[in-house]
Every structure is written in C-alpha cells, then in structure tokens.
Amino acid sequence: RAPPRPRDIPLLPGSPRRLSPRAVVRGGQDPNHGQQYLRVPGSQAPGQDSGLPSGGGSSCSGSVINNYLDASEPVSSEARLSRMHFHDNQRKVDYVLAYHYRKRGVHPGQGSPGHSLAIVSNGETGKEPRAGGHGDIELGPLDALEEERKEQREEFEHNLMEAGLELEKDLENKSQGSIFVRIHAPWQVLAREAEFLKIKVPTKKKMYEIKSEGSIAKKFNELLQKLSSPLKPRVPEHSSNKMKNLSYPFSREKMYLYNIQDKDTFFDNATRSRIVHEILKRTACSRANNTMGINSLIANNIYEAAYPLHDGEYDSPGDDMNDRKLLYQEWARYGVFYKFQPIDLIRKYFGEKIGLYFAWLGLYTSFLIPSSVIGVIVFLYGCATIEEDIPSKEMCDQQNAFTMCPLCDKSCDYWNLSSACGTAKASHLFDNPATVFFSIFMALWATMFLENWKRLQMRLGYFWDLTGIEEEEERAQEHSRPEYETKVREKMLKASGKSVVQKLGTNMTENEDEDDEDKLTWKDRFPGYLVNFASILFMIALTFSIVFGVIVYRITTAAALSLNKTTRSNVRVTVTATAVIINLVVILILDEIYGAVATWLTKIEVPKTEQTFEERLILKAFLLKFVNAYSPIFYVAFFKGRFVGRPGSYVYVFDGYRMEECAPGGCLMELCIQLSIIMLGKQLIQNNIFEIGVPKLKKLFRKLKDETEPRETDSAHSKHPEQWDLDYSLEPYTGLTPEYMEMIIQFGFVTLFVASFPLAPVFALLNNVIEVRLDAKKFVTELRRPDAVRTKDIGIWFDILSGIGKFSVISNAFVIAVTSDFIPRLVYQYAYSHNGTLHGFVNHTLSFFNVSQLKEGTQPENSQFDQEVQFKDYREPPWAPNPYEFSKQYWSILSARLAFVIIFQNLVMFLSVLVDWMIPDIPTDISDQIKKEKGLLVDFFLKEEHEKLKLSDEPGQRSLGGGRHSRSRAPSSAPSGRSQPGSIASSGSQHTNV
C-alpha cells in the first residue's frame, strides 16, 4: 500500500484510547492500518521521508504513538493562516505548556537546528523517523534529573491525551532551549467538560429586553444614555445592561436548545482555555509522586509555565481586529481616560474575577467624584472664613502680649504667641465646623459605596450568569495545593517509616484511599501557627520601634537646631518635613518586606486550597501594611503632645531631651501634612513609578539576558515569532492581591482621617484615573493572559472594606474630639463665653506659670524674666490652693469630648444602618427578572421539545416515499448539534468521521 503524502497530518480521534506511557513520544511499531489526513500547506523536499504511517484498513488497538511532521522545509509564513493554531491551520491552540530542556552529546553538523520539527499528539498509530536519516539527532546521555523530568512530562502528556486533548510540540533538536506543548480541545472534550462544569451558554432564544418600571425613570435613563454616549467605548460587548440572552447550562442531551452555528467558535477563547485548565488541574502524574495537576508539576520544575494565549498582538498593523487589540484601543490607553470601561469585554477576555475587580475599581473611582467636590467645598469654606476666625485673629494680634514658656531647655528663650500666627491661620483651613459635617458625610459615603457595590455585583452576576456557582466554588476546594500534598506525603512517609524510594516502589493504587483520608491536623500546623504569631508580633513591634525612632530623631534634631540662632526660627518646619519624608521612605521599604514576609508566613501554615491560601495571605499582608502605613499618622493624631508634662515637670525621653509637643495651633495641621505627604508619596512612588518602572526594568533585563546568552537561533522564526513565544516573554500573572491592596490602603487614607484632610478624595480620584488605565495596560500588554476564573463576588476584600468603613467612624470621631479644637471652642462658646462668641478663647486655653519654679539648669541662658508666663493647657494657676493641677475646664472639656465621641459614633452608625436598610442589596428589576426568566425558560423548553418531536416525525412519514428521499434528508439532521463518536470539529461546523 502506498504511504500517504508526507505533508499530510493524521486527524485526531474523537474519543481517547488507552495509551502506553512509554510510547507517547518515543514511538512504537510500524502499523499497517489506515488513517485520514488533513492537508498542510508547504512542500516536501525530494528524497525525504516523513516517517508517517501508511494507509490501510480499520483501526488497531495497539500502542498509540506520536507522529513526526518533517519540517526541514518549514511552512512559510504566508501559508500560516493564524499563529494561534496548530501547523495544520485547523485546530486552535487553547493552552500552552512550556519547559526548558538541556541535552548532552550533540555532535556538531548533525540535525537541523535552524528548523523545528513538530510532534502532533493525535492518538493515531505510526512509526518513528528512520534512524540515520536526514535530520536525525544523536542524543547524548541525559543526567538523572533531566531524564526523570522527561519521563514525568511524557506520562502527564499521555494522560492529557487519554482525557481527549490533542497536543502538538516541537522536537528537542538543539543542545538546549524551550519547548512549547500546544494543547487543543476538540468539540467532544469541550462538550463533555462544559456539561460537567455546568457552563451556561446562550440558547436559541434571542436577547430580550429588561423593562424598567416607571415612565419617569425610563425617560431619565434614556436622557442619561444620550448624554453619556460620547463617554462609552466603541466595543460591541458594551451593552446598556438592558438586554440579556436566555442562558442555560450546557447539556449534550439538549443540543437542540443552543444555536450552534460553528462548533469552533461556539465557546469563546476564555471558556476554551478554562475548560483545558480544569483538565490540567485534575490530571495526575504517578511518576511525580502521584501529584495532581499542572500546578504541582510547575512547583516541582517539571514544567516552567502554563498559560492560555492572547488573541493575537495588540499593536499589529492593519485593520484585522481581535479582542486584545480592541481592549488596547478603547481601554488600555491613557488617551481614553475619560471613557467608561468596557466591563463586558473585560469579563469576556479575562474572566469574571478580573472583570469584577475593574468594575469595583470603576465604581470606587466614580464615587470619589462627589466626595471630591464636597471636600473642595469644605476646603474653600475654610479659605473664605479664615479672616473671620476669631481665635486666629486673637492669636495674630500683637497687642495681646501672650508670653509663652520656652520650647526647649537653656537655649530657647521666652516667645510671643503672635509669632505662631501663620500656623493658626493654616490650621483653620482644616479645623473648622465644616469638617465635622464632612466627616459625617464621608461615613455615609462609605456605606452608600458598599451598598451600591453590592447592587452592582448582583446586577453583573445576573448578566454574567453567575447565579448558582456555589457548586463550582466547592469544586475548586477539591484541588489541593502542591505544598499541601508534599507535606501530607512527608507525613505519611514519616508515619510508615519508609524512605522515599521505598514509598515510590509500592503500589500507589493500594494507598489511594489512605492518601484521601490523610490530612494535616492542627498539631501538624501548630509550629507554623506559632512562627506566624511570633513573626507578626515582631513585625508590629518593629514598626512601632521605627515610629519611636523617628520620634527620637525629631526630638534630638529639634534640640540640635535650637542651639544655632540661624536655624532656630525654622526648627518646627524642618523637623516636621524631614521626619515625614523618613516615614515615607521607611513605609515604602517595609511595604515590600512585609509583602514577602506575609507570603512566607502563609506558606509555613500550609493551607490546603488556593482560596484559603489567598485569604490568609490577604489578612496577614493587610494587617502588616495597615500598621506600617497608619502608625505614624495615629501617633500624630492621638498621642503627640499628650505626654509632655508641664513647665517645671516635663517628661524627658532621654537625659536632657524633652518629649515633643504640638504646635500652638494644635496637632491637626501637622496631621494634615503627615497624611498628605505619605498618601501622595505612596501613590506617586509605589503605585505608579514602581508599577511602570519595575516591569520595564524586568523586560530590559530579560532582553539583555537573551542577547548575552549564546543559543541556536532560527532566523525565519525570529522574524515571525509564534504567539506562544511572544506570550512566554511576558510577565506571569500573579493575582489581584497587589492591585486590591493599594486601593484598600488608599480607601483607608480617604476615610479614616478625612476630618484632618478634606482634599484626600481629590488626590485619590486623580490617582485612580491613572490607575485604571495603568492596570489595564499592564493586563493587556505586559502580562500573560490569566486563566478565566468565575467568582460571584470580590471575596474577603468586601469584609475588609466594611471593617475600614466602620472603623473610620470611630477614628474621625476621635480626630474631631481629641485632635482638633472643635470641642474646646464649643464648650467655651456655650459654657464660659460672656457674649456667646469665641472672643477670649485663646486666653481661656492658656494657663499661668511662675518662672521661678523652673528646674535648675533649664532656664533660658540669655533672658532674665521673673514674671508669670503662660503655656497651653487647662491647669490651676500658681496662686491656687492646688497649683498646676488640672482645672475644672479640663474635666468639663474631657467629658464633652467623650460625649461627642459616643453621640457621633452612634448617630453615624444609625444613619449608616438606615442607608443600608433603605437601599436593597438586589435591584428590584433584577429580582423581578430572575423570577420571569424561569417562566421564559419553561416556555422555551416546551416550544423546542414540540419542534423536535415534529421534526422527528416528518422523516418517518416521508421514509415511505423511497430511499432517495431518505438519503436526501439525511444531511438535514446534522445541524441538531449531536456529535457522533469518533468525530472531530474541522473548519466551520462540519466534522469528519475517522
């Protein structure tokens, strides 16, 4: 029998068969049965033999091997229709596995390193290329580790073929290099897995409109749609959230329900890669200690990477458009910052988890607009009323001779309170009655933001068919992490007293039940928990010690600068500015350290699943970064100036160094400076420069490394790199935790201390406008395509946001009551003022001190002043029965402060609960439509069943008319979607039987 033409590739079977692990890549015996072949463009050099099997009769049940495609003359770039398909231009690459190999003993002059040979794992029988032929490679002995990894890869790929997947890979024809295993899922596998995963797909029922009740609301929405039309991205998937497909979980028994026009495009690329990834996660490899899934193999360095392909290049010339290019043009560029995000397209391309992140980020950014407007109004109110502020005018009036105690020992002189006029006026910008109402507004704003996010989340979940995915999330819990499996195996080996070699030699099937039953108990994890507890305490103590170190720096620097007459006037400004910059640098450094430490501590705990690992990592990282970012701010807000003592009895940190105190205008201005510099510096340096600069440096480093490493190159391949090569050079996707974390910390800056810095929402808004496009560009252009992950919410991040929102009520209450002068002014105006105004308030806040009672050696050296001076505190005068004790005013103000905290907290909490109760979590139109959709599904099922029975009756009645009519009717049953066993999907919706 004549062999088939060498440029033909065997078609793949529809159903997998039992394969021999050793024969997957190495070959087997020469079969003598028939195959069908797809035509591949390109020519065969004369005299070459591809080694393909000969044609013949029926299939054989012998060993199944790979077929070698001789590509000494590779397919030209013009012949390749797409660089996202196998070399047959028919089968789409749904997933890629990459690994690095190294050989020994390759003789120069042998092989053809300029061309790559392709292995098509198609489940058909064939024979190896004849030894000694043109293009053969004489392999030297591999080292034991490389040989073991090769056998493990062979077995894993064999198991993938048994699961029905089709593979294509390059030959290892160089001394070393990277190999890409391309994976294609045929229609039979896609249908089987879609039914198993209960993937919802559109039915034949056309999109139906979700009607909103009320004519006024409908007209308002129509007007809003017209006004916002220039802001909408020009993408087909950007719907108005008023149209929805009627979807139903995929079922092979109900193929007539779905509009399957083309089996190759019925499932989009993200769904296809998700199905393949599910198979990769559950495929076992007995040679690799019976590990389960591709993640374990990557962790053991058997494979280097596994990723789905991007939909082509984002900057390719020409009019050909793909989803990646569309996302880049309409979303991932800074020039389209004013447009809405194409959330539907983001979800379609990246999956629901990433789609929900960008939907949350977009809602958070849009909610910052009203808070920014109110914050600017509050700031402008402070600017407008600065000349009318009576306490500031009294402090700036030089006729009021308020002589104050020295700010330091010996070198500092007595000073006049009017010299602090500038500080007093600046404090009024942020310490005025409007900030109290702004704090209440921001607490309600946080509640409304969370409530609206719950509503948007439910709306997106309905349109994205995320209802009822609890079973899918439970299924994800079944996949254990590789580290967990390793620990369980070590525990079993230790318990059984066997060595690793002995354990691997035993029958693994006998111990399957034991493997399933064994797990890590709290006793096994106790050392990890102990290390976690001790390490977290140490890290928190380290943060506090650094804050204390900065305090010591401020005290000592202030004392040193006070000795010099030229620097004495600017001591406070210099010390505050330098200390805040030191805090910022320390926070940035510790942020990176704490992120790595949190990951290490979570690994020590050995969580079982990826979800548990992610949640524990988030909690640890958030705790450490929260303490790191906010501890200097908490110190200035609540502790600075509270433990100073009084003249004659100051508190000293070290010998001769007095504890620092607040400025004459209070600590609120310094809190504002601290908060603004840390917030702006963290956003500018960490969130933007690091995110832009670090990936570019990594890319440059990889490029330089590739250029310096000697390797065998393929000139034709370098001119036209494949898509999997381009994606392999991108950065791997590591999760959304860093993106969420920086936004959560920013949310804390916006809400926790907004009473001291009303402009925080403005700077957060400006940052987020850039952040959205920066993250978009990173996902589209700099990262490998992530696996599409379905999830119904943002997980533990919502609980953290809710906790920050509740904690912000308490923190703002204490900032207003303790840090600002709002309560002292209120008490003076209504309890001590003679005319109900703030005239005399400054004098009311000062207490007298007799300078003769200063400690020996602390008096000013260049001034002899024997009268009473004043200092800021509520204490009895020196002539009172109990001199320098706290006065009645102090206790009345303290009780008013505590009362304000209680009233403010309960009032805002009550209003927050009221807002929560008034805004339903599920939009009314969505809850009504969920009920209506069930009825639509029932009607649709009955209609389709009736049509199916009607069609099935017609051929039986017409079959009496003759065989000719029967044969002519046979093709009409093909569109029913029912695939025959042993068939594969080819171009379009046609299929070929093998």
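Glycine too: its Cβ is placed from the backbone N, Cα and C atoms.
The region 'Disordered' feature in TrEMBL is assigned to 1-59, 105-137, 949-994. What TrEMBL records for 10-22, 969-983 is compositional bias 'Low complexity'. Sequence annotations record features per position, and here TrEMBL assigns domain 'Anoctamin dimerisation' to 86-343. Residues or ranges marked as compositional bias 'Basic and acidic residues' in TrEMBL: 125-137. The domain 'Anoctamin transmembrane' feature in TrEMBL is assigned to 346-933. The transmembrane segment feature in TrEMBL is assigned to 357-381, 434-450, 529-553, 573-597, 617-638, 743-766, 898-919. What TrEMBL lists as compositional bias 'Polar residues' is 984-994.
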Cβ contacts under 8 Å made by the transmembrane segment (434-450) with residues that lie 6+ beyond its boundaries: 363-364, 367, 370-371, 374-375, 377-378, 381-382, 750-751, 754-756, 758, 761, 798, 801-802, 804-805, 808-809, 812-813, 815-816, 820, 822, 904, 907-908, 911-912, 915-916, 919
Among the ranges 357-381, 617-638, 743-766, 898-919, the one whose Cβ pairs under 8 Å to the transmembrane segment (573-597) are most numerous: 617-638
Chain residues outside the transmembrane segment (357-381) and at least six past its termini with a C-beta under 8 angstroms from it: 340-341, 343, 346, 429-430, 432, 434-435, 438, 441-442, 445, 448-449, 452-453, 456-457, 460, 736, 739-740, 743, 747, 750, 754, 758-762, 764-765, 768-769, 771-772, 775-776, 794
Intrachain neighbours beyond the transmembrane segment (743-766), with Cβ under 8 angstroms and 6 or more residues off its ends: 361, 364-365, 368-369, 371-372, 374-376, 378-379, 430, 435-436, 438-439, 442-443, 446, 622, 625-626, 629-630, 633, 637, 668, 671-672, 675-676, 678-680, 682-683, 797, 800-801, 804-805, 807-808, 811-812, 815-816, 819-820
For the domain 'Anoctamin dimerisation' (86-343), the mean pLDDT of the predicted model: 76
